[in-house]
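Down below is the structure, laid out as structure tokens.
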């Protein structure tokens, strides 16, 4: 294999290792819960990486982040395992 091919292979392996979460859960599960910046009261759930459990919180209806789920089952399937 040529040195260019080896460099390409090494680059692809590095990229794959960087983008593949170690635990198998999406990286957004590690985000802190964010209620957002509007004024609605939407019952939601977020994953707590320190306790490895899902908890309820109130979402404001806009903004926030991807660590937000409509049901505790969806949170558990996505982030707990």
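First residue shown is number 1, and so on along the chain.
Heads up, the Cβ atoms here are built off N, Cα and C, so glycines get one too.
Here is what Swiss-Prot records for this protein:
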SIGNAL    1-24  signal peptide
DISULFID  29-79  disulfide bond
DOMAIN    29-79  domain 'BPTI/Kunitz inhibitor'
DISULFID  38-62  disulfide bond
DISULFID  54-75  disulfide bond
CARBOHYD  76  N-linked glycosylation site
Residue 79 (disulfide bond) and residue 54 (disulfide bond), Cα-Cα, nearest whole angstrom: 8
Cα-Cα distance linking residue 29 (disulfide bond) and residue 38 (disulfide bond), given in Å to the nearest integer: 22
Per-residue Cβ crowding (10 Å cut-off), top of disulfide-bonded residues 29, 62: 29
Helix-strand-coil residue split for the domain 'BPTI/Kunitz inhibitor' (29-79), DSSP-based: 10 helix, 15 strand, 26 coil
Packing count at residue 75 (disulfide bond) (other Cβ atoms within 10 Å of its Cβ): 23
Across the domain 'BPTI/Kunitz inhibitor' (29-79), average pLDDT on the 0 to 100 scale: 98
Proximal but sequence-remote residues of the same chain as residue 79 (disulfide bond) (Cβ under 8 Å, at least 6 apart): 25, 26, 29, 47, 54, 67
Rounded to the nearest Å - Cα separation of residue 76 (N-linked glycosylation site) and residue 62 (disulfide bond): 23
Residue, out of the disulfide-bonded residues 38, 54, whose Cβ gathers the largest set of other Cβ atoms within 10 Å: 54
Distance [Cα-Cα, Å, rounded] between residue 75 (disulfide bond) and residue 62 (disulfide bond): 19
